[in-house]
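Remarks on the structure that follows.
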There are 2 protein chains.
Amino acid sequence: MRLAVLGAGAVGASVVELAADYGHSVTAFADSSSAVVDSDGIDAADALAAKRTDGVVGSDDPSDALSADYDVLVEATPTTLGDAEPGFGHVRTALERDRHVVLANKGPIAERFPEIRSLEAESAGEVRFGATVGGAMPVVTTIEDVGPSRISAMRGVLNGTANFVLSRMAAEGLDYEHVLAEAQDLGVAEADPSFDVDGTDAALKGVIVANVLDPDGGYTLADADVDGIEDLPGSMLELAKEDGRTIRLIVEFADGQVRVGPRLVPENAALAPAGTRNAVQLETEHAGQLDISGRGAGGAETASAVLSDVERLES
Amino acid sequence: MRLAVLGAGAVGASVVELAADYGHSVTAFADSSSAVVDSDGIDAADALAAKRTDGVVGSDDPSDALSADYDVLVEATPTTLGDAEPGFGHVRTALERDRHVVLANKGPIAERFPEIRSLEAESAGEVRFGATVGGAMPVVTTIEDVGPSRISAMRGVLNGTANFVLSRMAAEGLDYEHVLAEAQDLGVAEADPSFDVDGTDAALKGVIVANVLDPDGGYTLADADVDGIEDLPGSMLELAKEDGRTIRLIVEFADGQVRVGPRLVPENAALAPAGTRNAVQLETEHAGQLDISGRGAGGAETASAVLSDVERLES
C-alpha cells in the first residue's frame, strides 16, 4: 500500500521508518509546516534526518500531502478536542477521495464518531483506529472479534504516565509533585502533563471504546465523568497498601457511561500493571473476563499498531 | 452461514446452542454414532435434548453430516494424536468440497499442519483454528495481527486443569494426588487426566502456536520436549513460596523449539494465573511484551471462539 503520513511526532516518524519493513511505501509525509511528496515513494531516512536537523520534513507544502497519490491516509497529528481539527478535516478529505484512513489521533474518533461513520458509509475507503487505544495491545480488534454486543463492560489502565506516577508513589512513599518531576526528567511525562494526569487522555480512550461497544451511542468527551490524580495525597496510597491494595487511574465503560478516576485495586490484580504498562479487562457474555496488557504507548509500539491496521485493510 | 457441526461434546453442543444467536443456522450435527441433517436448519433444542436423554443427536448416519449442505464445517470431535483421524479426514472432505473449516479439535493442526495448508491452498475454503489455543483468548488472532515474523517467542499457561492443581498445591500445601482427586470431584479434571497433567495438551497448543509463528516449520507433537506435573512433590511448591515464587506448567516456543514443563515463576507474575485461568505472553519486535489472559477452556467459551472464527471467514 502507498501511505500518506500526516504528523511527524514519535508515531508518524516511526510509521515512516517502519513502513518498508511491512511492505508499504510512503508517498507523502507532512508535519504542520512542511511536507515531502513523491509518488514513487519518499526517501524515509532523508525526511527523518531533515526533520531532526532542520525541523522540516521536506520542501513541499503540508496541503500537498493531502492531495498526493496514496491508498491509506495515516492520521498521526496531535489529538485535539472539540471539533478535532485539523485531524477531522484530513479524514474527511481522504474518505471523500475514496481512500482508506488509519488513525493514531484520538480526536476524530472520540469527538466526532457518528460523522466519521457516515463519511465512511459514503466512501469506498475504510476507517481503522486500533492504535488510538492501548498502542499495540489488541483492544479494538479483540472487541471486534468477540463482538461488541457480547461485551458488557470494559475497565482499564490506559494512561502510562499516570500509571507510572501512581506506581512510584506507592513503591517509594513519595508525593505526587516529587514523582511527577522525576517522570518529567525520565521523559515519561511531558513538560505539560495535564491530559495524562487530569484523566483526559484515559477518558478519550474510554470514549473510543464506548463508541466501538455501543456504535449508536455517539459518545464524546463531554459525556465522560472524569477525575484525575493531581490531588491524590501520598497518604492515600499508604493507606491502600496497608490493606494489600493500591490505587490506579481506571477508565471504565459500563451501563452506557464512561468514567475515569483513581480507584482502589488489589496490589497484584490485572488492573494494577507496573510502571508505564497498560491493562484492559473485557467482561464477555460467553467467555468470562478477558485480560490484555502491554505497552500502551511509544512511537514504535503505536506505529506497529497503525501498520497492523493497514494490513487489516488488505484482508 | 450454514454450519455442519461434528462432535457433540461440550464445545460442539455449545456451538449448536449458540449458533442462532450469532446469526447462523446449523444444517447438520453429528456425534460418533448418529446425526441430524436438515438443509433448512435443525432444531437445536431437540437435538441437544435427544443427546442428553437418548445418547444420540438424531436418526441420521454420521456420514450424512459430512455430505450435507453447509458453508462451514465445525470440527469439534475429540483431539486425537498421530494421524489425527477422524478429524483430519473430515477437514479434507470439507476442503475438497470447497467448504470452510473451523476447528476446535487440536489434532489436525498440531499433527498434520503442512497437509492442512496444502489442502487449503487447493480449495476455495479457508481453515481457521483460533479455538484450539486458549479458548476465547485472542491468541491466534493477535499473532496474525502483529504478524508472525514480528514475534520472537511465546510463553504460556495453556492447560487449566494443570494450573488448577498447581494453584491448589501451592495455596494449601497439599500433595499432587490429593489435589487431583479434589479436581476430579469438582469436574475440573477428567476421570483420565493424563493429557492435562503429563503436558500433552499444553504441548499440542504449543505446537499449534509454533505452526502459526513459523509456518514452514511443520511442527508436530513429536518435536516437542514435554514434562508433566505428575511427579512434582508438594515440597517443591513450598520451597518456591519461600522465595516469593510458585510453579506453573509453562509451554514455550522460542528458537524453533516447543518445550513444556513445570517452571518457577514469580508468585504474582502474568504467567501465574489463578485456578483454571490461562495466560499467554508474546515477545514482539516493536511492541515489547503482550500479555493475554482469560478462561482457556469450557464449552461456551470455546464455542464463542469457534463462532468468532466463523465471523472472520465472512470478512
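Note that the numbers count up from 1, one per residue, in the order the chain is shown.
Every residue, even glycine, has its Cβ placed from backbone N, Cα and C.
Bear in mind that TrEMBL entries carry predicted annotations, made automatically and left uncurated.
Copied from TrEMBL, the annotated features are:
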- B:LYS205: active site, proton donor (ACT_SITE)
- B:GLY7, B:ALA8, B:GLY9, B:ALA10, B:VAL11, B:GLY12: NADP(+) binding site (BINDING)
- B:LYS106: NADPH binding site (BINDING)
- B:GLU190: L-homoserine binding site (BINDING)
- B:138-310: domain 'Homoserine dehydrogenase catalytic' (DOMAIN)
Subject >> Near-site residues: NADP(+), ref B:GLY7, B:ALA8, B:GLY9, B:ALA10, B:VAL11, B:GLY12, CB cutoff 8 A to centroid >> reply: B:VAL5, B:ALA13, B:SER14, B:VAL15, B:ASP31, B:ALA76, B:THR77, B:ALA104, B:GLY299
Subject >> Which binding-site residues sit within 10 Å of the residue listed as 'NADPH binding site' - Cα, from B:ALA8, B:GLY9, B:VAL11, B:GLU190 >> reply: none
Subject >> Three-state secondary structure, which DSSP defines for B:GLY7 (NADP(+) binding site) >> reply: coil
Original post:
Could you state the CA-to-CA distance between B:GLY9 (NADP(+) binding site) and the residue listed as 'L-homoserine binding site' to the nearest Å?
Top reply: 13
Original post:
Counting Cβ atoms within 10 Å across all protein chains shown, which of the binding-site residues B:GLY9, B:GLY12 comes out on top?
Top reply: B:GLY12
**OP:** Please work out the number of neighbouring Cβ atoms within 10 Å of the Cβ of B:ALA10 (NADP(+) binding site), leaving out its own Cβ.
**Re:** 17
Original post:
What same-chain residues, at least 6 away in sequence, bring their CB to under 8 Å of the CB of B:ALA8 (NADP(+) binding site)?
Top reply: B:VAL16, B:PHE29, B:ALA30, B:ASP31, B:LYS51, B:VAL57
**OP:** Kindly assign B:LYS106 (NADPH binding site) to one of the three DSSP-derived states: helix, strand or coil.
**Re:** coil
Original post:
Looking only at Cβ atoms, how many others are within 10 Å of the one on the residue listed as 'L-homoserine binding site'?
Top reply: 12
Original post:
Which residues does B:VAL11 (NADP(+) binding site) neighbour through Cβ under 8 Å, counting only same-chain ones at least six apart?
Top reply: B:ALA76, B:ALA104, B:ALA131, B:GLY299, B:THR302, B:ALA303, B:VAL306
Subject >> Alpha-carbon spacing, B:LYS205 (active site, proton donor) to the residue listed as 'L-homoserine binding site', which is rounded to whole Å >> reply: 18
Subject >> pLDDT averaged over the residues of the domain 'Homoserine dehydrogenase catalytic' (B:138-310) >> reply: 95
**OP:** Out of the binding-site residues B:GLY7, B:ALA10, B:GLY12, give me the one sitting nearest to the residue listed as 'L-homoserine binding site' by CA distance.
**Re:** B:ALA10
**OP:** Within 10 Å of the Cβ of B:LYS205 (active site, proton donor), how many other Cβ atoms can you find? Include all protein chains, please.
**Re:** 28
